[in-house]
Amino acid sequence: MSGWYHSAHASDSLSKSPENWMSKLDDGKHLTEINIPGSHDSGSFTLKDPVKSVWAKTQDKDYLTQMKSGVRFFDIRGRASADNMISVHHGMVYLHHELGKFLDDAKYYLSAYPNETIVMSMKKDYDSDSKVTKTFEEIFREYYYNNPQYQNLFYTGSNANPTLKETKGKIVLFNRMGGTYIKSGYGADTSGIQWADNATFETKINNGSLNLKVQDEYKDYYDKKVEAVKNLLAKAKTDSNKDNVYVNFLSVASGGSAFNSTYNYASHINPEIAKTIKANGKARTGWLIVDYAGYTWPGYDDIVSEIIDSNK
């Protein structure tokens with residue numbers, strides 16, 4: 001038996017082994033039924049410039065450390081910097097590494113922990129270099145997705161809503177690149193995912209077979225953002241439909257000063273939402289995408305751990 005209300009192996013302390021917490025779940029669960037912690041602009045940990053960091057740095061741990069801390073959804077954004085290369089970006093800011101760095105780390109991690117699954121969101125976040133002649137999606141598909149170096153790394157099955165058993169040891173693509181020739185993962189259809197800007201919205205994906213429910217109100221201030229996150233959490237809590245995909249962003253755009261930096265917002269939002277998740281107990285949350293994933297503020301609950309432990 002699979003489904004949200006049953007798990008053969010989940011315990012109260014999944015987060016005690018964050019490096020392999022998925023291995024303790026019923027592998028008949030669909031990924032949409034699993035509460036998954038994610039990191040927003042996952043590659044921004046490389047930023048050292050103090051000015052750029054105020055608004056563009058959203059993580060302080062590298063990919064492997066995020067994975068070991070339990071993060072399983074990675075928000076990767078890029079720029080086509082050559083006809084055979086995607087550079088990782090946060091908007092216009094180059095994050096000093098290429099997409100291959102993430103894929104190499106994911107490949108290494110999944111070989112060490114073959115019962116885990118990684119969901120990778122892929123999005124073009126800045127204009128291509130003037131010399132580039134191919135589309136962003138074409139470069140991704142030809143030089144990464146179909147690259148023999150990453151053979152068997154990506155989930156390539158036909159199930160629009162795969163189970164953990166089907167995706168163990170693999171990356172499942174969450175496609176924000178627009179229309180695509182890639183026929184597996186979330187957003188695998190010719191129209192791709194139609195993403196509303198600064199909004200809470202619903203849209204059909206995978207040729208109408210899945211309902212994507214998103215909260216991504218990144219221009220909100222603290223109170224309104226917390227309210228938006230909690231509203232989607234409340235909907236997920238009472239929803240047992242496995243074909244509904246909940247993606248809830250806790251991130252807020254920086255105002256450009258230390259007072260309203262991404263770090264400062266996260267220091268307030270993450271503990272508040274962690275408290276809500278803890279109070280809800282074993283309940284569906286969906287996928288929560290956070291800034292400073294794995295960072296714990298003294299005296300407060302760790303949001304990644306609370307998301308993991310909320311799984312049944």
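All residue numbers here begin at 1 and follow the chain in the order shown.
Glycine too: its Cβ is placed from the backbone N, Cα and C atoms.
Some features that Swiss-Prot has for this protein:
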- 1-26: signal peptide (SIGNAL)
- 27-176: domain 'PI-PLC X-box' (DOMAIN)
- HIS40: active site, proton acceptor (ACT_SITE)
- HIS90: active site, proton donor (ACT_SITE)
Counts by DSSP class (helix H/G/I, strand E/B, coil) across the domain 'PI-PLC X-box' (27-176): 52 helix, 41 strand, 57 coil
Long-range Cβ environment of HIS40 (active site, proton acceptor), under 8 Å and at least 6 residues apart: THR58, GLN59, ASP75, PHE249, LEU250, SER251, ILE289, VAL290, ASP291
Number of Cβ atoms other than its own within 10 Å, given for the residue listed as 'active site, proton donor': 26
